[in-house]
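Undergrad: The ATP binding site feature in TrEMBL is assigned to Tyr41, Glu101, Lys120, Asp121. As annotated by TrEMBL, transmembrane segment applies to 58-75, 81-100, 121-143. Look at TrEMBL and you will find Glu94 tagged as active site, proton acceptor. For Glu94, the entry in TrEMBL reads substrate binding site. Sequence annotations record features per position, and here TrEMBL assigns divalent metal cation binding site to Glu101.
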Amino acid sequence: MPPEIQAQTPDRANGKLVPIATLNRDLSWQVAPSLLVSFKYAWAGVSYAFQTQRNFRVHVFVGTFAIGLGLFLHLDAVEMAIVGLTIGAVLAMELLNTALESVVDLTVKQSYHELAKIAKDCAAAAVLVSSLAAICVASSLLLPKLWLLVEPHLL
Ligand SMILES: Nc1ncnc2c1ncn2[C@@H]1O[C@H](COP(=O)(O)OP(=O)(O)OP(=O)(O)O)[C@@H](O)[C@H]1O
């Protein structure tokens, strides 16, 4: 028996709200039965992105390097938190970009559609924006301390 609370959408023909989905997600092929299984599927997503998306791999390696550099340069806890959040944001954007690409490809297959182009371009732009923010964070938190470290050896 579906729960009473339902997502609704306006029916333009008669002006009434009609149910489009229920809380127990009747439209889903499968729903994870437990938190542990949910984590398993989430990890499968990370693994898929790492194996198939070159940009995701690059961001994982750059992010790992940035955290290592932050520890080496003794960033304080707040600075490390900012670096960590920034890396997490970039990786999350990459994962969402990959998910959206799959949904678009599932929908339009190999045909050209202007809305598919907009969706993919905007998802890629979200990755670009988060990457630029990450460069700003690295420039203000990591580079000055790195410069202080290497400067004496240059003169
Ligand atoms: N079905 C489509 N219809 C219209 N344009 C498309 C379609 N599929 C892809 N494109 C265009 O090609 C570009 C590249 O597509 P792709 O699927 O490689 O996405 P991407 O975000 O660039 O991939 P990645 O993040 O892996 O580099 C898109 O940004 C979009 O402009």
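Along the chain as shown, residues are numbered 1 onward.
Yeah, the Cβs are placed from backbone N, Cα and C, and that goes for glycine too.
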Undergrad: What else in the chain is close to the transmembrane segment (58-75), if you only count residues 6 or more beyond its ends and a Cβ gap under 8 Å?
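TA: Non-local partners: 50, 83-84, 87, 90-91, 94, 131, 134, 138, 141-142, 145-146, 149.
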Undergrad: Should we count any of the binding-site residues Tyr41, Lys120, Asp121 as near ligand 1, judged by a CB under 6 A from one of its atoms, and which?
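TA: So the answer is Lys120, Asp121.
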Undergrad: For the C-alpha pair, I'd like the distance in angstrom between Asp121 (ATP binding site) and the residue listed as 'active site, proton acceptor', rounded off.
TA: 13
Undergrad: Taking the Cα atoms as reference points, how far is the residue listed as 'active site, proton acceptor' from Glu101 (ATP binding site) in Å?
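TA: Checking the Cα atoms of the residue listed as 'active site, proton acceptor' and Glu101 (ATP binding site) gives a distance of 10 Å.
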Undergrad: Reduce the DSSP letter at Glu94 (active site, proton acceptor) to three states and note it down.
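TA: In the DSSP reduction, Glu94 (active site, proton acceptor) maps to helix.
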